[in-house]
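Trainee: Straight from Swiss-Prot, here's the annotation block:
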type     : residues     : note
ACT_SITE : GLU106       : active site
BINDING  : ASP7, ASP105 : Mg(2+) binding site
DOMAIN   : 3-187        : domain 'UmuC'
SITE     : PHE12        : site 'Substrate discrimination'
Amino acid sequence: MIVLFVDFDYFFAQVEEILNPSLKGKPVVVCVYSGRTKDSGAVATSNYEARKLGIKAGMPIIKAKEIGKDAVFLPMRKEVYQQVSRRVMNIISGYGDKLEIASIDEAYLDITRRVKDFDEAKELARKLKAEVLEKERLRVTVGIGPNKVVAKIIADMNKPDGLGIIYPEEVKDFLYNLDISKVPGVGKITEEILRKVGINRLGDVINKSGELVNLVGKSKANYLLSLANNTYHDPVESREITHRGRYVTLPENTRDLNRILPSLKRSIEEAYSKVDGIPMEIYVVAIMEDLDIVSKGKSFKFGVSQDRALSVAQELLNKILESDKRKLRRVGVRLGKITKSSTLEDFLH
């Protein structure tokens, strides 16, 4: 298998630069304003000039303005970015047989049948980058690998406007020696848990396989072990984004369940209003007072109805509050694996 991972570099900010060339060379910060106060909210993304100042995604806007006094702060224009994303994804799809859209600015592409080897894949990736730049003026980074995760990792290492490749014979050593923080899906909390027991490189999980499930759960343990043993081969699946979410800013930072539940209920109602089908997964997502993100989820064989969603979400919220002592700033739900119910009997089961 030969997979490309395409990452639209600092996407929202880059689109703003394309639409307004006078922004080029200036620190540009695209923000999500919460509406509490004039500068309440968080940074969605920033260009590399802003990042050099220390401004990064998730940072409170008020702090970003203290750091970047001369930076240009812009509100997020999601509809504009979605239009550009659709056009770019259409270009990318022409270079492979299966396109898996991971997010508004990331995609996996299976090119196994389009090229005879990895050197030819590199040439194809160059052509893809050139066409996107010519038609949309957008710079993207491409990673090439024998599976999705390796392709993503090498892309992350070659930003911005880069092209990275890992050949099959290099994968085993590359993954074994990879710093655990570089593994997709390993966040700050998981990283801390793993480092405490001496897991600093991905290869270290092999010697800790017996205790790994207790540390990070069965699903993540299996994922990490399959990567470390070079047996990860999840295919690229032809699909667009199959989740819907809605997040609400709380009136004030709090841990009080009674103050959080009305906002959680509202986010459920709005998320379900956008769904055309039955979600098989539900996640509660909490943005903490320091803008760290914590989530808990649950899967259902036959889906979860809106009527049932609130009780499930409350259960997941309780788990977050029990495991984390910080106050919540925002709360919401994400509905995943949205599908059509085969029969009414299945859905009501």
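Just so you know, glycine gets a Cβ as well, placed from its N, Cα and C.
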Trainee: Once near-sequence residues are set aside, which residues in the chain of ASP105 (Mg(2+) binding site), 6 or more away, have Cβ atoms under 8 Å from its Cβ?
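Mentor: The answer is ASP7, PHE8, PHE11, TYR81, SER85.
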Trainee: Could you state the CA-to-CA distance between GLU106 (active site) and PHE12 (site 'Substrate discrimination') to the nearest Å?
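Mentor: Approximately 12 Å lies between the Cα of GLU106 (active site) and that of PHE12 (site 'Substrate discrimination').
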Trainee: I need the least crowded one of these recorded positions (ASP7, PHE12, GLU106), counting other C-beta atoms within 10 angstroms of each C-beta.
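Mentor: Minimum Cβ neighbour count within 10 Å, taken over the recorded positions ASP7, PHE12, GLU106, occurs at GLU106.
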